[in-house]
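The structure under discussion appears below in the form of structure tokens.
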Amino acid sequence: MAEKKVCEDLVKERKKCTFNVEELTRLIDGGEDKTMERREVEDMVINAGGLSTKDEVPEEYLSHKERYENAIRKASRLFEVFREYAKTHDTTDAFSPTNKYRVSFGVVKDISPFMLHMGMFVPTLMNQSDPDQVAEWLPKALSMQYIGTYAQTELGHGTFLRGLETTATYDPSTEEFVLNSPTLTSYKWWPGGLAHTANHCVVVAQLYTKGVCHGVHPFLVQIRDLETHMPLEGIKVGEIGPKLGFQTANNGFLGFNHYRIPRRSMLMKNAQVLKDGTYIKSKNDKLTYGTMVFVRVLIVTDLAYELSRAGTIAVRYSAVRHQSQPKPNEPEPQILDYVTQQHKLFIGVATSHAFRVTGNWLWNSYSKVIKDVSKGNMDQLPELHALACCLKAVCSRDAAARVEEFRLACGGHGYMASSNLPIINGIVTATITYEGEFTVLMLQTARFLVKAWKEATTGKVKTPTVSYLVEFFKNDRVIWENTPSTMIKGFQAIAAGKIRTAYETLEKHVKSGMDYEDAWNSASVQLVNASEAHCRAILTEISWKEMVRLSTTVSPSLAQVLLQLAELYLIYWTLEKRGDHLMYSTITRDDIQKLQTRYEELLALIRPNAIGLVDAFDVRDEILNSTLGAYDGRVYERLMEEALKSPLNAEPVNQSFHKYLKPLMLKAKL
Ligand SMILES: CCCCC/C=C\C/C=C\C/C=C\CCC(=O)SCCNC(=O)CCNC(=O)[C@H](O)C(C)(C)COP(=O)(O)OP(=O)(O)OC[C@H]1O[C@@H](n2cnc3c(N)ncnc32)[C@H](O)[C@@H]1OP(=O)(O)O
Ligand SMILES: Cc1cc2nc3c(=O)[nH]c(=O)nc-3n(C[C@H](O)[C@H](O)[C@H](O)COP(=O)(O)OP(=O)(O)OC[C@H]3O[C@@H](n4cnc5c(N)ncnc54)[C@H](O)[C@@H]3O)c2cc1C
């Protein structure tokens with residue numbers, strides 16, 4: 001088939017670009033070799049038989065059941081393709097931010113029913129099992145003989161893990177654990193793939209041995225027969241029903257009726273139960289929560305990727321869409337030329353870069369701390385936990401806001417399922433809740449910050465990410481200059497100031513006679529604000545420093561663009577938080593006006609590169625799945641082509657006319 005022509009607007013936009021798009025793509029991927037490899041994987045998947053979505057009825061028209069079956073068919077075929085690839089390639093980076101397997105969105109549009117298998121089941125087996133268990137289970141999980149999920153949340157409790165009700169009681173006479181769901185609220189509820197996909201799962205349950213409860217621990221549990229896939233006796237399993245998004249994730253429920261599993265089914269890297277029922281404690285009981293920390297860390301770079309998908313759609317559409325006539329007798333401008341539109345779009349693009357570089361930095365910190373933990377050194381674990389919590393929470397909330405802004409920037413067409421913005425919205429919004437709910441994670445970081453504040457009052461802090469607190473003691477009002485380093489110092493002063501205020505409020509409540517827990521609750525709005533401010537201080541500092549560092553590794557033309565994006569991100573947030581800056585620095589109305597002017601200058605400087613910037617994200621049309629965002633910009637043609645796929649358009653008159661409308665019309669005549 002002849003290549004369809006690229007829309008003239010996009011041809012012109014691409015000519016305006018001042019930097020080498022391919023150079024930026026390689027930087028985003030982490031190097032030329034990574035870009036080549038990613039493209040190789042994408043070509044392999046897109047061209048593999050049985051995976052193309054091109055000529056299919058769009059999945060939104062399928063029933064709930066058909067949609068799941070379609071997702072399973074494709075996810076299975078995709079796995080086969082990857083299995084072939086893994087025979088000759090190193091695939092370990094599937095568990096790192098540079099993972100090249102995001103191509104799966106080109107196969108299953110929404111969430112794959114295998115997401116939890118690769119995202120949490122396999123990592124938990126790898127990181128929580130002892131070496132013998134890893135040797136036995138991991139090959140089976142990696143080859144999909146064991147299809148798994150991570151079953152922790154229950155109907156009654158998701159946040160409060162110590163409150164989980166599922167029990168695993170050790171019976172030394174048979175050397176087995178007895179799993180039981182004593183109440184309705186103890187049923188597992190939510191795990192992805194649990195409903196009809198998984199035959200195994202990691203179950204988090206309260207461990208009882210010798211009549212003593214030792215808290216929650218992970219167990220590997222078979223739930224379905226490997227031949228027939230029937231639920232095993234003592235297992236009640238099913239699907240929880242439609243949700244806002246995640247339609248093909250196959251989220252399920254699970255109950256146990258005195259269901260027996262062998263002693264060695266407990267994941268025993270950290271804690272153990274011996275044959276006689278003796279309990280050996282973990283060096284640190286929070287190691288059981290390790291998979292959650294791992295996923296929270298990965299979510300930050302994944303959000304950057306989702307922003308790159310949504311941004312590509314909205315920016316390309318904005319270059320193709322013309323609307324209104326500000327100047328009489330002149331053509332309608334591209335909506336991308338409206339400065340308000342640039343304000344909606346460019347901060348989303350800049351945020352994608354800020355999250356990617358901060359996410360990579362967080363991943364490096366995580367890898368270092370986990371290495372230390374494996375040698376028995378847990379010193380940095382609290383700081384890592386505090387960082388992962390607030391970054392996951394704030395980035396997911398910001399990303400959801402940015403995706404919504406991208407959708408709004410596409411006007412009515414952004415509301416179409418065929419734009420793919422609604423599905424991306426559903427995927428991103430879910431991250432605010434799963435893997436630790438927003439407020440709950442912010443309060444975890446606040447616990448750390450309160451301790452850090454107490455430490456800082458002695459003039460020293462042990463952890464580098466809060467060293468700014470000591471600076472604040474010397475000078476609690478930053479002397480303002482409109483420079484990046486002052487803006488960063490400003491965010492640190494705001495964080496320190498808000499931590500101090502929250503801490504003082506907490507102390508005041510305690511001194512007034514409140515229990516610490518009640519005082520904490522009373523101060524919790526301020527504590528969440530303090531966590532947010534701390535996170536903004538981290539995001540602004542790390543994203544700026546990383547972008548500056550990267551700019552020294554690329555050509556001058558690209559360096560200029562990277563610095564513009566980094567500055568835009570800093571100024572955007574300085575302006576957003578101008579009230580806070582007024583409290584903790586000498587910033588003046590005049591400084592703020594100058595920053596606003598600079599912000600608008602940056603929008604104008606970025607404008608010619610808008611299409612180049614999203615082209616550099618290099619999200620293929622097959623992965624973008626969007627009528628509005630395709631590389632060729634044939635927006636209207638695609639919207640019509642997709643509309644014509646509606647089953648309602650298969651016949652000129654729908655039968656409901658004869659059944660309902662006609663009788664209604666006839667009655668009107670009487
Ligand atoms: C955009 C697409 C993204 C794609 C991402 C990629 C892959 C994704 C794959 C799968 C994800 C898909 C679906 C999601 C699946 C799930 O949601 S799984 C379920 C997740 N559940 C949670 O996250 C539960 C949240 N709750 C908790 O983590 C804990 O219960 C709690 C809130 C932290 C409280 O725990 P508790 O035991 O009560 O602790 P307490 O508050 O008393 O604190 C005690 C001290 O322990 C410290 N601590 C707590 N957690 C950790 C930890 N993980 N590591 C280190 N330390 C920890 C805490 O700070 C306290 O310290 P103090 O010194 O006492 O202050
Ligand atoms: C799409 C999706 C996929 C998921 N996949 C999985 C999965 O695969 N496996 C799995 O085990 N789980 C999964 N979950 C469950 C998820 O991890 C939990 O829903 C999440 O951790 C939040 O817990 P919760 O639902 O109990 O919320 P709740 O804790 O009940 O939250 C409700 C409200 O109460 C507030 N609140 C609760 N505790 C406190 C507190 N201490 N202080 C202040 N406010 C508080 C919260 O801020 C929130 O506003 C999934 C959830 C979703 C939405």
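Here, residue 1 is simply the first one shown, and the rest follow in order.
Glycine residues also receive a Cβ, built from the backbone N, Cα and C atoms like all the rest.
Curation plays no part in TrEMBL annotations; they are all automatic predictions.
Per TrEMBL, domain 'Acyl-coenzyme A oxidase N-terminal' is recorded for 20-147. With DSSP classes pooled into helix, strand and coil, the tally for the domain 'Acyl-coenzyme A oxidase N-terminal' (20-147) is 87 helix, 0 strand, 41 coil.
According to TrEMBL, the FAD binding site annotation covers THR153, GLY192. Note on THR153 (FAD binding site): other Cβ atoms within 10 Å of its Cβ, all shown chains, come to 19.
Per TrEMBL, the feature domain 'Acyl-CoA oxidase C-alpha1' maps to 289-450.
In the structure as shown, the Cβ atom of GLU435 (active site, proton acceptor) sits within 10 Å of 23 other Cβ atoms. Under the heading active site, proton acceptor, TrEMBL lists GLU435.
Summarising model confidence by region, the domain 'Acyl-CoA oxidase C-terminal' (484-665) averages a pLDDT of 97. What TrEMBL records for 484-665 is domain 'Acyl-CoA oxidase C-terminal'.
Cα to Cα, GLU435 (active site, proton acceptor) and THR153 (FAD binding site) are separated by 10 Å.
In the three-state DSSP reading, GLY192 (FAD binding site) counts as coil.
Counting every protein chain shown, the Cβ of GLY192 (FAD binding site) has 27 other Cβ atoms within 10 Å.
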